[in-house]
C-alpha cells in the first residue's frame, strides 16, 4: 500500500517539518509541497492524490475553502495552530486534525489511523476463516505474505489493527483482536487485553510475566487462570 500525499501550507517551517516526518515512513509518497491553495489546485489537476495535509489559515484562499474544491476520493488532514477550527472540519472528508506544532508521536498516530482506513477501503482479507492449517496468508496492498504458524511469537492489539510479530518480522492485520482470538487454537492463548502469545515460543514465565522474542509481556488477572492451566498441561 502506497499513500500519495501533498502538503499545502504557507509556512515553510511547517512544510519542512511534515516533509521530515514523512521521510521516516515507508508507505507514504510525498508528491508535492505547495505554499498556497492555488498552487495546490493546479497540481491536483494533473495528479491523483490520496491525502492532503492542509493548513487552514492561508492568504487569498483558506484551507477550508480549498477543502471544498478537492477532487473526489481525496482525503484531508487539517493542520492548524487554532483548535476552534476543528468543528468546521467535520463537513469535509477529514481523516485527522493535527495541532501545530505537530509532534512526531502525534504524526505517527495519524499515519497509523490513515493507513488502517485505506487498508479497509482496499477490502483486504488478511486472515483465513479458520487457522487450522500450518500457514496462512496476510494481504498487504497487492502482496500476499505467507506466515507459518510455528514462526509466530505473538499478536499485539493496537487501536486500528493487530500487529503480528514473528521470527521473520512483523505484519499488520486490519482486524479486531477478538476476531483473531476466535480463529486461533492451541498453542495460542490470550494473556492480556492486548496480547495473544504462542506458548510453544515462550522463553520463560516469571512473576506474572512471559518472556518471548526479547519482549516482556504482563499476564493480566483476567486471563491468568486460563493461561496457567495451559502451562500446567505442558509442565513436567
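Glycine is no exception: its Cβ is also placed from the backbone N, Cα and C atoms.
These features come from TrEMBL:
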DOMAIN    4-115  domain 'Response regulatory'
MOD_RES   55  4-aspartylphosphate
DOMAIN    136-206  domain 'HTH LytTR-type'
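Sequence-distant contacts (6 or more apart, same chain, Cβ under 8 Å) of residue 55 (4-aspartylphosphate) comprise 8, 9, 10, 11, 14, 63, 78, 79, 80. Model confidence over the domain 'Response regulatory' (4-115) stands at 89, taken as the mean pLDDT rounded to a whole number.
DSSP assignment over the domain 'Response regulatory' (4-115) gives 44 helix, 29 strand, 39 coil.
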